[in-house]
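In what follows, a single structure is set out as structure tokens and then discussed.
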Amino acid sequence: MSRSPDAKEDPVECPLCMEPLEIDDINFFPCTCGYQICRFCWHRIRTDENGLCPACRKPYPEDPAVYKPLSQEELQRIKNEKKQKQNERKQKISENRKHLASVRVVQKNLVFVVGLSQRLADPEVLKRPEYFGKFGKIHKVVINNSTSYAGSQGPSASAYVTYIRSEDALRAIQCVNNVVVDGRTLKASLGTTKYCSYFLKNMQCPKPDCMYLHELGDEAASFTKEEMQAGKHQEYEQKLLQELYKLNPNFLQLSTGSVDKNKNKVTPLQRYDTPIDKPSDSLSIGNGDNSQQISNSDTPSPPPGLSKSNPVIPISSSNHSARSPFEGAVTESQSLFSDNFRHPNPIPSGLPPFPSSPQTPSDWPTAPEPQSLFTSETIPVSSSTDWQAAFGFGSSKQPEDDLGFDPFDVTRKALADLIEKELSVQDQPSLSPTSLQNASSHTTTAKGPGSGFLHSAAPTNANSLNSTFSVLPQRFPQFQQHRAVYNSFGFPGQAARYPWMAFPRNSIMHLNHTANPTSNSNFLDLNLPPQHNTGLGGIPIAGEEEVKVSTMPLSASSHSLQQGQQPTSLHTTVA
């Protein structure tokens, strides 16, 4: 039934069905006693019940006692009055809600962020798990690009991130607030909303996805502009943080733990694996000059030992495929919300500081071994603030030119030469003059036929020559060290480089034969006199023999003589 206004302020209702009387029922009185009911109830009593008046218990007549239908003029007048009253009622409500136009209500699940660069002003980007999506499930993200001011870094954008849970919103605020991204400081707080203009006018809002309020909000969360300028809404935010901290003291640790789990606990040294000169893939995050140094460096920093499935580091990089714009000039997976870049946000007064996971010494790289200084990719960091070393850029004092050789190899060879010289100097005094004189008494000097050969008289017996050659390795151990260099009895002219040849030529007397240097000192000619009938190794010789030793290493010749065998390179000529 439609509502019908009466002369009174409140509409007349049927006493039986408690429904407002229609316009036609206003002048309907079925009983002579004057008890007024609606025509619906009158018809029901007469057809389904006893047909008696509920007031006087008299039977209802066939026709109502009083019934005066309204004319068209009266009906139009009543409708106009009804419409006017409705307008007055709406106006009264609008006047009562007019003050709500300047009221803002804090939304517990809404995060308001300012200072975003234009590159990050994308709802789909901010919804990703490596960005705001890491703190909880997001209901909606709205970007506001109509920022009226622009700083030195260009215009910035703001964003409204609506979470499903209020706890996730508070966690995001604590992790994002006061962080520097792209040279801009992000500011995050609980967002406020206003009342819908249709709600203020007491009208139906035509927008199905309207984000404004269409009902009265919490009185404790409602603040006027003056109260917000005084910081009342921030006090309310701190109050919510205190309540959440009391219920769950580790609510911040939950988010941090999940980040470390996804990143495999990467350290700042494991963050980089690509060159930082890619402006489209990297950001500069840092404080002051650190950010400038990172952005200006063109040197890529290798990962210090952790496989890059997440890097830096990590950045380990099981999750390096997704790069957060909140990360530093580094391209790996460490998010702006990690502890390395978090700016301390105020903790609610009266509360102990948030528990933080202790830093173990194992989290920092140890000093490498000396031999690994030129091969290890890990650069030791003296302090956590030494970002140049942490990022692997090295010191600016280090020479940048290439030496072209291995310093370790050159030093090792030079040291070996020095040791060799020292040993040769120690062996020279062992050649005493007495031994040289005794040796010379058994030799004679003679010039044999042909130039360029040394002739020697034969020793008294064959065993003396063998014993003489056996002395050579003992007297001159350096000779064996260089035996692979020479293929004959060759004496190089540079005695300084080979100190084992620095002894006098008469020291060859230990060979029990006369050694006369000739113009060609590359060979020795051993000429045996004819009176001996026994040659080297006990081989009988019929006449004078000329033994020419050539193209045989000294060590091989002496070894064969010691064994009593005839060397294969000895050529015997019978005169």
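Backbone N, Cα and C atoms are what each Cβ position is placed from, and that goes for glycine too.
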**Report entry** Matching range for Swiss-Prot feature annotation, zinc finger, among 106-133, 190-217
**Finding:** 190-217
Requested in this report: Out of R46, R342, R475, report back the residue that Swiss-Prot marks as asymmetric dimethylarginine.
Outcome: R475
Report summary line: Of R497, R505, the residue that Swiss-Prot annotates as asymmetric dimethylarginine is R497
Query raised in the report: Swiss-Prot annotates one residue of S71, S456, S470, S557 as phosphoserine; which residue is it?
Result: S71
Report summary line: The candidate from S324, S357 that Swiss-Prot records as phosphoserine is S324
Query raised in the report: How many of the residues that make up the zinc finger (190-217) does DSSP mark as helix, as strand and as coil?
Result: 4 helix, 6 strand, 18 coil
Report summary line: DSSP tally for the zinc finger (14-57), helix/strand/coil in that order, comes to 13 helix, 4 strand, 27 coil
Query raised in the report: Mind checking how the domain 'RRM' (109-189) divides into helix, strand and coil residues in DSSP?
Result: 21 helix, 33 strand, 27 coil
**Report entry** Spatial neighbours of S71 (phosphoserine) that are distant in sequence (at least 6 apart) but have CB under 8 A
**Finding:** none
